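J.: Straight from TrEMBL, here's the annotation block:
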DOMAIN    75-219  domain 'Peptidase S54 rhomboid'
TRANSMEM  30-48  transmembrane segment
TRANSMEM  77-100  transmembrane segment
TRANSMEM  121-139  transmembrane segment
TRANSMEM  145-164  transmembrane segment
TRANSMEM  176-194  transmembrane segment
TRANSMEM  200-218  transmembrane segment
TRANSMEM  230-249  transmembrane segment
Amino acid sequence: MASNFEIDQPINSPNNSITQAFPGFKTNSFTFAASLIQFIFYLISLILSESLIEPSFCSLYNLGANYVPSIIEDKQFYRLFTAIFLHGSAMHLLVIFIQINIFAQLRLGFTIEKYYGLKKYIFIYILSGIGGNLLGGFIRPTDITVGASTSLFGVFGCYGCYFVYNWNTLGPGRNLNLVLYLFFVLISLELPITLQSIDIGGHIGGFIVGILLGFFLLPREENSDTWNYVLIINGMALLGYFAFMIWSWSQLEITDRFTC
């Protein structure tokens, strides 16, 4: 089993308040950089809008929101990536902060980034976001969708893999962190039901890709045939997901387009 990290330390460990709230906190990390970029892009979207209360559809579109007609007809595939760093409205940002999405990203992200390593973590974060945007776009092909929740749910999926694989070696803080993890997941799944403007397809897609990548890229010591078979099945499921999403998008009929 892999070694423990900060999240496994007792809740009363002699750390400052920041590292207690966000185990493994580092400003020179991808987790911190991604969260900062998301906030900066939100400010830019406000500046580009006619209102400083919430970003306009045009400002989000011009900054690279996920919009299926532009991706399919204009080949603007970059939107599957850039949408990861955008927030949709003042209400959406309020939900992100108050309902703990950014808190969850910081709370869990530093640990997962250290556990998997920087390169693997970036790969998981970005690919989960793209996978979530594919499913979200398929479910709502005529809507402009944005939000870092697709990647965040990929982090959720990875964190679940981390818990399952290392449960027996985790320290005294594991029960508290399990409760927090389940709370993050449940509240984030409940929000799209309560607030229809939030993209539940993006959440589910990101979570699926996060779980698959989380198991596939686990730092592990054993190299048994059984585990290798599991990895093969896991890899096939991951490829199957993206193949199915690409095929599903190819079947979409675009009948309406948003224009600025």
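Yeah, the Cβs are placed from backbone N, Cα and C, and that goes for glycine too.
Note that TrEMBL annotation is computational and uncurated.
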J.: Looking only at residues six or more beyond either end of the transmembrane segment (145-164), which have a C-beta under 8 A from one in the stretch?
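T.: For the transmembrane segment (145-164), the far contacts come to 34, 38, 60, 65-67, 83-88, 92, 96, 101-102, 104-105, 108-109, 111-112, 115-116, 124-133, 136-137, 170, 174, 178, 181, 184-185, 188, 198-199, 202-215, 218.
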J.: If you average pLDDT over the domain 'Peptidase S54 rhomboid' (75-219), what do you get?
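T.: Mean pLDDT across the domain 'Peptidase S54 rhomboid' (75-219) comes out at 82.
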J.: Can at least 3 Cβ pairs under 8 A be found between the transmembrane segment (230-249) and the transmembrane segment (121-139), with each pair 6 or more apart in sequence?
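T.: By the criterion, they touch.
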J.: What residues elsewhere in the chain lie close to the transmembrane segment (121-139), defined as a C-beta under 8 angstroms and at least 6 residues from its ends?
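T.: Apart from its flanks, the transmembrane segment (121-139) reaches 30-31, 34, 66-68, 71, 79-81, 83-84, 109, 112-113, 145, 148-151, 153-155, 157-158, 199-210, 213-214, 217, 241-242, 245-246, 248-249, 252.
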J.: Treating G and I as helix alongside H, and B as strand alongside E, what does DSSP give for the domain 'Peptidase S54 rhomboid' (75-219) in helix, strand and coil?
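T.: Secondary-structure breakdown of the domain 'Peptidase S54 rhomboid' (75-219): 113 helix, 1 strand, 31 coil.
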